[in-house]
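Chemist: This is the structure I want to talk about, given as structure tokens.
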């Protein structure tokens, strides 16, 4: 999450878990299968047990909790002070730092995985490309970036989804879809490939895809 969205998440922190797990309202299709999506991220992480994994935009720590249970050494990154407090309360053993996709401790290098859920859309496409190149520098060879987020299959699907959301009267969701920087599979595929990754995409619900990118070569940042 970039600083421009901190106010939104400061207000949402206390109710975040209730929203995604129990009462998503207009966002019910966005968060459909939420726990299954988090579990799938962990299942796709084909890295050594006790391997080092960075969870960027950890929020209240839900994905980090799955990673800890699976035996990974987790370093969480979260810009929101309110979110960090909740995550630390839920998982006292969690190593958590202030930061975001473009700014996190340099010491977090040579990690086996970089994961995130429902957060990468806070970056513009240009920022996404910068972040992905930076991920290459922090991962071991063969390390993975595995993100779950709303992604458009193509621009035609984007327009259809916006029209459908408006027709159903989901004006809060529509505002979110227009305000944030949701992108297309082709854009992300090109960005990961240019940054030294091979990547595949798996659809999880109407909105969310999991992108699984494996580092196959070194690329200078």
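Glycine too: its Cβ is placed from the backbone N, Cα and C atoms.
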Chemist: If TrEMBL gives 57, 100 as binding S-adenosyl-L-methionine, which of 32, 43, 78, 82 does it give for that site as well?
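Modeler: Record source TrEMBL; matching candidate: 78.
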Chemist: For the S-adenosyl-L-methionine site as recorded (57, 78, 100), determine the largest distance between any two Cα atoms, in Å, rounded to the nearest integer.
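Modeler: In whole numbers, the farthest two Cα atoms are 6 Å apart.
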Chemist: Report the DSSP secondary-structure composition of the domain 'Methyltransferase' (53-143) as helix, strand and coil residue counts.
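Modeler: Here the numbers are 35 helix, 24 strand, 32 coil.
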